[in-house]
Amino acid sequence: MISRIQELVAIVPAAGIGARMGAEIPKQYLMLNHQPILAHTLDRLLEHPRIDKVIIALSPEDSHFAKLSQASHPKLMTVIGGKERADSVLSALKVASQSAWALVHDAARPCLSAADIDKLIAACETEEGHQQGAILAMPVRDTMKRSGKGGAIQETVCRENLWHALTPQLFPVISLKQNLADALAAQVAITDEASAMEWAGGQPLLVSGRFDNIKVTHPEDLQLAALYLQAAASDPNSSTGE
C-alpha cells in the first residue's frame, strides 16, 4: 500500500428507465425483498465505512426517489442526470470534491458486498492501482461465440484473458471527469467509466469480484437477486446481508 485514499465518494447513475425490463416504472424502483432495488444498492454504499458521500443522478421527472427512506440520509445528495449514463456520471463528478476518488456503481446491482468494495479500494491503494484506477470484473467462464448475419455462429472466440466488466469502478474524480468530458466531446461511445479512461490511454486494473454481484436487467434477474440477498442475509459471515 503506497497511498491511502483519503476521500471516497460513491456515484450512482439512476436516471435511466431500464427499457429491457419492460416494466411500467424504472427498473431501479421495482420491489425486491420488500424494498426497491435502488434502496438495496444505496444501503450497500451508505453503510460502508470508507465511503464518505453518495451522489445519485436522477431523471428530472423522477417521482419515486423521494419516497425511499434512504433519500434523507445525511451522506446522500442528488443531482440531475442526463440522457446517457456517462452524462449522469459527469453531472455527479462536477459536484464531487476534486481531491476525492469516485466509486461509480450501477443502480441495478443490489447485491454488492462490502468485501468487494474493500478489494477494489485496496487495489487502488497499490502503486499501479493508484496510477490507473481499477474495476470489479469477472473472468469469462462460458464458451464465447461471435454471430454473423442472421444470428448464425461466425466463429468461436477464445475466452483467455476475457473479463466481464462489473461495477463499482474506482478512479480519481479529477481524471475521470476530464476524460469523460473529453470523450463525450469527441463523440466516443462510452459504455462504462473504464472505457473513458482507456480512451485516454489508461489501463485500469481488473479486480476479480463475486459472481452474485449481478445487474438486474431482465425480469428473471429479479428472482435471482432475491435469492442472493436472502442467502446473504442468512449467512453471518456475509458482508452483503441486511
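In case you wondered, yes, glycine gets a Cβ from its N, Cα and C as well.
Taken straight from Swiss-Prot:
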{"type": "SITE", "residues": "R20", "note": "site 'Transition state stabilizer'"}
{"type": "SITE", "residues": "K27", "note": "site 'Transition state stabilizer'"}
{"type": "SITE", "residues": "R159", "note": "site 'Positions MEP for the nucleophilic attack'"}
{"type": "SITE", "residues": "K215", "note": "site 'Positions MEP for the nucleophilic attack'"}
Original post:
So which of the recorded sites is most packed in, judged by how many other Cβ atoms lie within 10 Å of its Cβ, out of K27, K215?
Top reply: K27
**OP:** Name the secondary structure element type, per DSSP in three states, that contains K27 (site 'Transition state stabilizer').
**Re:** helix
Subject >> Spatial neighbours, same chain, of R159 (site 'Positions MEP for the nucleophilic attack') - Cβ under 8 Å, 6+ residues apart >> reply: V140, R141, D142, T143, M144
**OP:** Can you grab the distance from K27 (site 'Transition state stabilizer') over to K215 (site 'Positions MEP for the nucleophilic attack')? Cα atoms, rounded to a whole Å.
**Re:** 11
